[in-house]
Amino acid sequence: MATATKTSGGNNAYHNFHNDFADVGDVNERRRLALAEVDRAPFGWYHVRAITVAGVGFFTDSYDIFTVSLLTLMLGIVYYPGVGHMPTNSDTAIKLATSAGTVVGQLGFGTLADVVGRKKMYGLELILIIFATLAQALTSSSPSMNIIGIIIFWRVIMGVGIGGDYPLSSVITSEFATTKWRGAMMGAVFAMQGLGQLAAAFVMLFLTLGFRKSLESSATLADCTGDCAVAVDKMWRTLIGFGAVPGCIALYYRLTIPETPRYTFDVKLDVEKAEGDTEAYLEGKPKGNPDEVARAVAQQEANEQMKVPKASWADFFRHYAKRKNAMLLAGTALSWCFLDIAYYGVSLNNAIILEVIGYSTAGAKNTYEILYNTAIGNMIIVLAGAVPGYWVTVFTVDTLGRKPIQFMGFGILTILFVVMGFAYWHIPPNGLLAIFVLAQFFFNFGPNATTFIVPGECFPTRYRSTSHGISAAMGKIGSIIGQGAIAPLRTRGAVPGGNPNPWMDHVLEIYALFMLLGIGSTAMIKETARKTLEELSGDDDIEPPASLPTTVAPAAAAAAASGANGTVDK
C-alpha cells in the first residue's frame, strides 16, 4: 500500500497536519485523525476569519430584508403623489417577494452545496445579492412597466441569493469550527443579522438628516412633491444600494475559502486534498497543494475502503426513511416554521411601540419629522431587545446547550403572547412596550438562533446542506403564512372611523398557539453541544482504536496522546 509523500513547512503557528498523517496507511484512520485536529484546534484567528466572512453575508442579508419597510414607505411618497402611500396589496407583495425567493434559494443552493461542493457555491449567492441589490437601486418605471412589478422581480432574485446564504454559511462555519465553541461561532455568524438591522436604521437616519432642508418643505407625505420627492427618491436608492457594499467587501474571501475537509473526505473521498485543505484553512490559504500522485492513489484506496456511506438519491431516501432521521428533520423544519410565523408577524406592534417611546409619526409636523422619527424608533426597537438577545445566545449556547435554550425561548414566548393576546385591551401602552421588548429578546435568545444552529450540526455531511436548506425553507414558508395569511386578520371587523385593528388580540393569540407548538417540535431535535459532527450524524461507524496503530506518524501519536502538546482547547 502506497503512503503519501511528506511536504515541507509547518511550525508552531501553522501546524503541518499533512505530515502528521502521511504515514498512516488506513484511509479511515487518516480521516478520523485529520477531523479530530479540526475539532480539537484551539480557538484562533482562522476561526475569527471564518466567522467574519460568513457573518458579513448575514449582515447584508438582514440589511436588505430590514430595509423593505422603509423602502415601501418611500416608494409610496415618490410614486403615489397626493396619496403618500402605496396600496396595501402592493406593499404586501413587495414584502413577501423576498421571502418567496428565499425559499427557492435555500432549497436550490442547499442541494447544490451537497452535490458540487460548498466552495464552488459559496460566493455565488453573494454575487446574486449584490447584482439584484444594485439593480433595485437603479430601477425605475416606464410607460410600459410599473415600478412595483420591477421591484418585486429584483427582490425575488435577491431573495434567492439570501436563501442560499443560510445553508452555506451555517454548514461551512459548522464544518470548520472547533467542537468546543462551534455553537458560539455559528451564533456569532447569525448575530450579524442584528447588526445589519441596526445599520439599516443608521443609514436611514443619516440620509434623513442629509436631506432635511428638502424634506421640511412638505407638511405631509402626500404633499411631498418637487424637491421633496426628488430627495426621497435619492434616499431610497441610496438606502438600498448601500446594502451591496459589505457584500462586495466579503466576496473575495468567500470565493477563495478552501473546501471544508469534511466534504472532501466524506463526499469526494479525496483524502490527500482534505488534509491539504485542513492545513490551508489554518494558514489562511485558499486551498491545499497535495502531491497529485499520492492524491490519486489515496483516492482509489478511499473508494475501496472508506466506510462513510456514499451520497445518492437512493441513499438520501433510505436515510430519511428511518424514523429517527425523519423525526429529526421534521423537528428542525417545524421548529423553524412555527418560529417564523410569529417572528415575522410581531412587527404588527411597531406602531404601538413607536408611540409609547415617543417616536410616533402621529404628531410629526412635516415629512422630515415623519422619516426621522421612523428611523429613530426602529433603531431603539432593535437595540432594546434584538441585539442583546443575539449575543446572549453566543455566550451561552455552548454551556447551556441548544435544546434547553430553544425550549426556554418557545416557553417564554408562549406566555408573553398569551398575556398580550388575552389582556391586549387591558394592558397600558408601557406594559405592551415591556412585553414587546422581552419578546424580541427571547426570540433571539431562543429559537431564532437555535433553529439556525442545530440543522447545521445534526445531519450527516453528505446531506447536511440539503437538510439545512429544507429546514430554513420551512421557516420562510412560515414567514409567508404569518405575513400573508395571519397578519391581515387584524383588520377583521374594522369599520370606518373605528379601531382599524379590532382583531389584533386574536392574532396575538394565534401566534401564542404556534409558540406552544414549537415546544412540541423542539422535543424532536437532539442536543448538539460539545459533540463532534461525526457523533451527531450517526454515520461514523469507525470506532476509535484503543491504542494508536504503529503506522501512525510520531507527530500524530503525540497530538493524540497529549492534545497537540498542550495546545488543545479544553
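Backbone N, Cα and C define each Cβ position, glycine as well.
If you look up TrEMBL, you'll see 50-530 marked as domain 'Major facilitator superfamily (MFS) profile'.
What TrEMBL records for 63-80 (among others) is transmembrane segment.
Look at TrEMBL and you will find 121-138 (among others) tagged as transmembrane segment.
TrEMBL lists 145-164 (among others) with the feature transmembrane segment. Within the chain carrying the transmembrane segment (145-164), a Cβ under 8 angstroms from the stretch's Cβ atoms is held by residues 61, 64-65, 68, 71, 75, 79, 86, 90, 93-94, 97-110, 121, 124-129, 131-133, 135-136, 139, 469, 472-473, 476, all 6 or more beyond its ends.
The transmembrane segment annotation in TrEMBL covers 184-207 (among others).
Annotation comment: TrEMBL describes 326-346 (among others) as transmembrane segment.
According to TrEMBL, the feature transmembrane segment maps to 375-395 (among others). Counting residues 6+ beyond its ends, the transmembrane segment (375-395) has Cβ neighbours under 8 Å at 70, 184, 187-188, 190-191, 193-195, 197-198, 200-202, 204-205, 208, 350, 353-354, 357, 359-360, 405, 436-446, 448-450 in the same chain.
The transmembrane segment annotation in TrEMBL covers 407-427 (among others).
Here TrEMBL flags 433-454 (among others) as transmembrane segment. Long-range contacts of the transmembrane segment (433-454) within the same chain: residues 166, 170, 183, 186-187, 190-191, 194, 332, 335-336, 339, 343, 346, 349, 352-353, 356-357, 381, 384-386, 388-390, 392-393, 396-397, 402-403, 405-406, 408-410, 412-413, 416-417, 419-420, 427, 471-472, 475, 518, 522, 525-526, 528, each at least 6 residues beyond the stretch ends and with a Cβ under 8 Å from a Cβ of the stretch.
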For the transmembrane segment (63-80), sequence-distant contacts whose Cβ falls under 8 Å of one of its Cβ atoms, 6 or more beyond its ends: 86, 90-91, 94-95, 98, 129, 133, 141, 147-148, 151, 155, 158, 162, 196-197, 199-201, 204, 221, 224, 229, 232-233, 235-236, 239-240, 242-243, 246, 347, 367, 371, 374-375, 378
Distant-in-sequence neighbours of the transmembrane segment (407-427), which means Cβ under 8 A and at least six residues beyond its ends: 335, 338-339, 342, 435-436, 438-439, 442-443, 445-448, 450, 504-509, 511-512, 515-516, 518-519, 522
